[in-house]
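Copied over from TrEMBL, here are the features:
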type     : residues                       : note
BINDING  : Thr117, Asp170, Asp198, Ala199 : S-adenosyl-L-methionine binding site
COMPBIAS : 140-150                        : compositional bias 'Polar residues'
COMPBIAS : 151-163                        : compositional bias 'Basic and acidic residues'
REGION   : 136-163                        : region 'Disordered'
Amino acid sequence: MAASVRLLVRRLARLSHKSVTSSAATVSCRPGCCLGPSSSRCISDTAEDRSTHFGFETVPEAEKAKRVYKVFENVAQKYDVMNDAMSLGIHRLWKDMLLHVMHPQPGARLLDVAGGTGDISFRFLDYVLYQQERQKRRTAGSSQTPSWQDISDKYPTEDRPQESRAVVCDINKEMLKMGKQRADSMGITSGLSWVVGDAEELPFDDDQFDIYTIAFGIRNVTHIDQTLQEALRVLKPGGRFMCLEFSKVTNPVLAKLYDAYSFQVIPVLGEVIAGDWKSYQYLVESIRKFPDQEEFKGMIEDAGFFCVRYFNFTGGVVALHSGFKL
């Protein structure tokens with residue numbers, strides 16, 4: 001309830017800001033500000049007038065989210081199959097590396113934004129379960145066989161470890177639907193929640209999560225800076241932001257091969273496997289429009305994160321960025 005009220009307040013504040021911006025733009029109009037005889041109004045900086053990219057296409061900001069939603073609605077059923085086909089299965093290694101760098105411990109709370117079909121969250125739960133079992137084995141191995149008195153002395157004071165939880169948050173209901181089906185088929189019944197939510201306006205209170213991940217999703221948002229600010233808001237002090245995303249290839253030879261494969265092969269795979277050429281054409285174009293490693297690192301720092309660094313995987317085809325909320 002508190003999260004819903006907070007979300008409503010933020011939306012009202014944003015609408016108020018837009019109203020003020022629109023009024024200011026109107027007041028600033030004066031003779032000579034219009035461009036040419038065919039212009040019937042002055043240039044303003046309202047949300048309706050601002051544009052952004054959808055792949056290589058320029059579209060109004062208000063339109064991008066709808067078009068991105070449609071892309072993932074169309075590909076949801078074949079999303080995981082296409083990931084394997086496009087990357088030749090290497091995406092699994094990239095996600096495993098994300099968990100290796102994250103190294104979550106039992107009791108951690110994860111927010112997996114644009115989590116779609118649950119790949120990161122499933123790995124997270126497996127990893128913390130492994131860590132928990134490992135800790136139990138270490139404890140058992142380091143102690144001699146206890147007496148009944150030892151057991152009775154320790155039993156009342158031992159606290160049960162806090163359960164780790166993962167929350168998959170995605171704006172697309174079809175992607176979440178596929179994720180839930182996967183969880184059911186894998187027998188995952190606890191420690192996992194599914195929430196419909198916008199990365200730019202997360203439906204959570206402040207300081208809620210230990211780790212925030214967004215894998216191959218941030219390039220699809222309309223406002224990257226706003227998404228980063230929301231990540232900072234919902235993380236606890238000391239919490240970690242981690243973003244796995246396609247980036248800029250560092251080797252010139254690999255870059256040429258990668259471009260050829262991206263534009264000539266991936267859309268064809270999309271047509272053959274998912275019956276959708278356009279969605280995968282958008283995919284490869286959106287990768288080229290995303291900031292490179294250093295630029296994105298600067299954006300994360302500007303949002304307020306500290307100790308920001310990145311790791312290149314497969315020659316920079318993918319980069320993992322990490323930062324902390326202090």
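Cβ coordinates come from backbone N, Cα and C, glycine included.
Since the structure is predicted, the reported quantities are computational estimates derived from the model, not experimental observations.
Neighbour density for Asp170 (S-adenosyl-L-methionine binding site): within 10 A of its CB lie 25 other CB atoms from the protein chains shown. A simple Cβ count within 10 Å picks out one of the binding-site residues Thr117, Asp198 as the most packed, and that one is Thr117. Cβ neighbour count for Ala199 (S-adenosyl-L-methionine binding site): 23 (other Cβ atoms within 10 Å of its Cβ, all protein chains included).
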